[in-house]
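**Q** Copied straight from TrEMBL:
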DOMAIN    311-404  domain 'Transglutaminase-like'
ACT_SITE  319  active site
ACT_SITE  378  active site
ACT_SITE  401  active site
């Protein structure tokens, strides 16, 4: 840090302040600072009638009194005051005598090193007619020597940890209180203030997107959606400090930390460690031996606590972990945020609107030459904010993605990108709209390569990518489909206009002219769970005036959620006769004995069907998610603050195989700290259970989340909700 500041000496007259949480233990001011005016020292200020000079005895930040109105009562693990900008809070100052009209008192709030009023890092609140800073103050009441002061930070204030001093004008200068860490305060963004750039317009949404400390993240595949429970833990011990430390770690200037756009953009970069020593290390392999598998996390709290405590990136994460921790960061500092899941998410390596799948001359998939991929799902965050840098239309939900995919202004980050700009194809606005648009709107182009390497498009799918976009519903455990916020109905005039608009901004689509095919193929799979026999139906529909004999090829493989397909383990070549204007189907079964040895921890199967006649080629792709067995979570005891309760987590292995290197993890915000239990083997039909005692810390609706993660079985999750009484 100091070396970086030395390197700036020729650029700035003083080092740029970038540290908030851990400052050198030095005085911000001299306790007595003499006045210096144009003609030397000012004359001595008058004392009280009895001749006594005013002195400060104590400063009471009144945490409990302010917590209710500022919606910060859940920050019970810090003794410091936590308030939101743009809203008055009150403190009590006890003097050695009652305050007199001639007394000149000011309250000073400092953030970061070398604070100055010009950078808004020093805020001076005056109690008389003398002009102060942008924070306003007033005397709310006086009871003897105790004066209650109301202070209102403006809605552009820097967010973070402030130090507090009270200064009294004496004869020759300002006499200040000593540095006292117990009078520090945290200042957050304020979704309740209409003048704040993160204002959210209704109470239910503010509760869900700022105050709710747990939620659901959707996974699986289109048609077989699953949910992962996640503890955001934004009020847990150390989490708010971790959020400030994240901004310190990337040397974000203190004066930028009140700007929601800059904070969101920096947070997107800092959640991954790809290029800036950020919070999480991404890992999409099968080897997690040097850390925690992404599927084993139950929430963000331990990740953020570990990063704060150790100062190094935490291993490991995939997209839902990046999104979950980013959402915790946002909610902790007061920004409305939610995790969303885009099913069939395009990841195109050439920066256009074409996701190209290559097939060999015989109709089998050419995995070696296929560079693009369709992720079964991809998770990112949306943050709610005004966009003062853009016309008013573009305020509201913004895509902010922390998964490292491509660089933006030199860092692996994405957003904030206005969702409405994506819907209308207006991709010239900041930030990263082109990339986000392609994830939900790309065309899937099926290409056959002949023996000479020539490419011929034989099919284009314009509807599968971004087929469903989900988030947790407000106030319930259900899901909300928000696909309509990203795109107009497929085939509508509005959608066609959007795609044309996107092309004008340089995103190339596939405009190959192909004769209208009168032959089609489709794959359907009956709903099933892990361990069931999978029933697959392949249907060919013939709209020609003549009968068709179709040579078909079916491949079944295990697939990572990122769309990376492993070698096929089942292949079926068959011919099927389809009469004119008729459909015909073939049914196949994939047994557990066939797929379990290849599935590992991937939980999804990938089906590809290709069919050809003398003059037509057709294909279809289907991914299914095999739902794992349940994890049972039960509570007992009195659901009341500080009363002993017990959580019991139970699992029975219903599979005809042993589960290896299993870890059972459980936690609950304001209920239960992160707990972990390990098992070397869980045999077929074997039962395990763990009973843990805890005492609820806060009233209200709370959740405990549990996950069982094994070497060869993942995503076994469970949750229980409970209402804790005061």
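Positions of Cβ are set from backbone N, Cα and C atoms, glycine also.
TrEMBL annotations: computationally assigned, not manually curated.
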**Q** Helix, strand, coil: count each for the residues of the domain 'Transglutaminase-like' (311-404), based on DSSP.
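**A** For the domain 'Transglutaminase-like' (311-404), the helix, strand and coil counts are 17 helix, 41 strand, 36 coil.
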**Q** If you measure residue 401 (active site) to residue 319 (active site) at Cα, how many Å is it?
**A** 9
**Q** Average the per-residue pLDDT over the domain 'Transglutaminase-like' (311-404) and send me the rounded value.
**A** 93
**Q** With Cβ-Cβ distance below 8 Å and at least 6 positions apart along the chain, what are the contacts of residue 378 (active site)? List them in sequence order.
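**A** In sequence order, 319, 341, 342, 345, 347, 403, 439 meet the Cβ cut-off.
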